[in-house]
Amino acid sequence: MSRQEDLRPLQRTKRTWVVTIIDVQEEDKGPFPKYAGQLFNNKSFNTSVKYLISGPGVDESPEIGLFSIADDANGHVYVHRTIDREKTPTFQIRFDIVYRKTGEPLDRPLFFKIKVKDINDNAPEFPKEEYSITIRENHSKGKYEPVFQVTALDKDEDGTANSQVSYFLSMQMSHPDGIPFDIDSNTGSILLSGCLDYKTANSFKLLIKASDHGTPQLSSTATVNVAVEDANNHLPVFTRDNYQLQISAGQEHPAILRLQVEDEDSPNTPAWRAKYRVTKGNEKEQFAIETDPDTNEGILSIIEPLSYEDDSEMRLVISVANEEPFFLCKNGTVVISSLESTSTTVNIKVLQSQAAPVFHPPILIVQKEDSMKPGKVFRRYPATYPDDVYELAHDPDGWLSVDENSGVLTVAKEFDQESPYVNNSLYTIIVHAIDHGISPQTGTGTILLYLSDHNDHMPTLVAPSLDVCDKKERTRLIIKAKSAPVHSHSGPFTFELAEDSEDVKHNWTLGRNFGESVELLMLRSLPQGSYLVPVIIQDRQGFSTRQNQHVRLCFCPDGHACKDSLLPQAAVRLGGGAIAIILTAFLLLLEIFFDSQENSQITSETYLNSWLGCENVRTVYYTKVKKGR
């Protein structure tokens with residue numbers, strides 16, 4: 001192409017199609033068909049033409065038959081029924097002009113978009129009717145930290161007043177301190193307008209209204225349920241301002257002191273759980289303090305022995321804080337405070353070294369037994385010296401009581417597996433023994449009460465039942481114990497008769513301990529029968545259990561093996577006194593019998609010996625019968 005041709009001026013193509021506004025409004029009620037507009041082509045002058053219409057809304061989906069040209073000579077467009085703009089907002093229509101006689105095109109087709117005019121027939125809609133959220137009590141107010149955001153959608157035409165949404169907030173239930181929430185009317189963001197207080201109100205029900213700007217104005221609502229989670233706006237406070245202790249030099253003391261705090265925040269939350277720290281007086285790192293996870297108490301221990309010569313008096317400052325930072329509300333705004341802890345003092349007087357009472361074992365592990373009922377003896381847990389004074393230092397549910405003189409522990413109430421102080425089936429009891437020295441010393445013993453029915457950790461008897469030929473008093477029997485399956489070689493064992501079996505102690509006592517076994521001595525001659533001897537067995541690891549040793553005293557014709565007794569089973573299980581009463585009554589019957597049967601003496605004697613097989617009965621018989629009563 002030449003440069004001259006490049007400089008040729010551009011020619012504008014003359015427009016031949018002329019279309020008036022085609023006005024179609026949604027939800028128009030008619031009457032139909034209704035005139036919508038007209039189109040015209042300049043080439044139609046002095047020519048017989050026909051206008052044609054086709055495409056979506058005419059002969060194609062959607063909305064077939066919605067539009068037509070009723071007067072094809074003049075291009076008048078009609079609409080035939082109501083239309084929903086939200087379903088079909090526009091139609092791309094094709095218009096053609098042809099010679100009426102030949103049907104040949106007179107001009108190029110015109111593609112025209114018919115836009116359906118919107119009316120405000122849709123209210124804003126929330127995706128859900130109800131929302132539930134949880135926020136922390138220490139949530140900050142302001143637009144930069146919204147609590148939640150709701151969004152309502154309006155199906156009317158975008159960018160118009162019909163689809164523009166504003167949000168409003170109200171309370172479904174009135175609140176005495178007013179509503180601590182605001183809402184951004186444009187975005188639907190819910191904000192805090194002040195501080196929350198879990199103690200005053202731990203939940204809110206907010207009613208959110210979304211309204212459009214159309215005419216008529218339409219709206220809908222949704223509910224937001226707000227649950228407030230407690231945060232740390234109450235400091236833990238010690239129940240005492242100071243403590244006084246006397247400690248022997250040269251010894252470690254686990255759990256020498258338990259410090260209690262009160263906290264008004266919700267229990268077992270980071271806002272309530274305490275963290276203890278020795279802030280002064282522990283420069284030599286002789287003390288340690290930890291938190292009891294069950295009681296929230298601080299447990300102070302001496303981990304390095306104290307020296308009387310270096311420090312005869314010491315002063316500790318112990319602080320307590322919570323796991324999460326402390327906050328407060330100032331002028332309606334949440335402020336993280338630098339005041340995070342409170343403190344108490346512990347004054348310690350270090351005494352010259354003196355042996356403190358010692359429990360053996362220091363940790364006693366006891367399996368729960370069926371016999372452990374209120375009023376029954378639990379265990380005797382003595383310390384080193386017989387004149388120690390005993391007290392329960394830790395028994396949070398009050399299950400036991402202790403005799404201050406003997407150290408005998410008695411069941412005070414039923415053991416409850418569901419107690420909050422039971423962890424992994426273990427309940428912890430701490431006993432103190434205090435001596436009578438000039439400077440009293442305290443020994444600490446710990447009892448772990450194992451509440452599970454499984455006793456795989458406890459020692460047991462090798463032979464729970466023993467058959468013994470009828471013998472005199474001071475008869476020596478051997479009771480053997482064995483280690484639990486999970487604690488092989490846990491001996492040597494200690495053995496003890498159960499404290500609540502006084503009747504048994506009249507008949508039996510324990511003799512020499514051989515480590516794996518012990519002597520069981522019969523204190524007096526006992527009638528033949530079955531006897532139950534409860535024995536407490538404890539291994540060197542501190543596991544302690546009560547076992548019942550069954551002993552059967554029986555007649556041995558050959559002096560070695562028992563012959564089955566002919567006594568009824570109930571009689572065999574009676575005590576010696578009851579058997580004596582039965583035998584006396586039986587002898588009285590014999591006297592009456594021999595008064596009428598003088599010649600039957602030998603037969604009755606033989607029968608009696610055979611039935612009883614008991615030497616002391618034969619003695620009574622010979623005295624009363626053969627010697628003339």
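Cβ atoms are placed via backbone N, Cα and C, with glycine included.
Residues annotated as domain 'Cadherin' in TrEMBL: 19-126 (among others).
What TrEMBL records for 127-238 (among others) is domain 'Cadherin'. Residue counts for the domain 'Cadherin' (127-238) under DSSP (helix as H, G, I; strand as E, B; rest coil) come to 0 helix, 47 strand, 65 coil.
Mapped onto DSSP classes, the domain 'Cadherin' (239-359) shows 0 helix, 61 strand, 60 coil. What TrEMBL records for 239-359 (among others) is domain 'Cadherin'.
Per TrEMBL, the feature domain 'Cadherin' maps to 390-461 (among others). Helix, strand and coil content of the domain 'Cadherin' (390-461), in residues and according to DSSP, is 0 helix, 33 strand, 39 coil.
Under the heading transmembrane segment, TrEMBL lists 574-594.
According to DSSP, the domain 'Cadherin' (19-126) comprises 3 helix, 48 strand, 57 coil.
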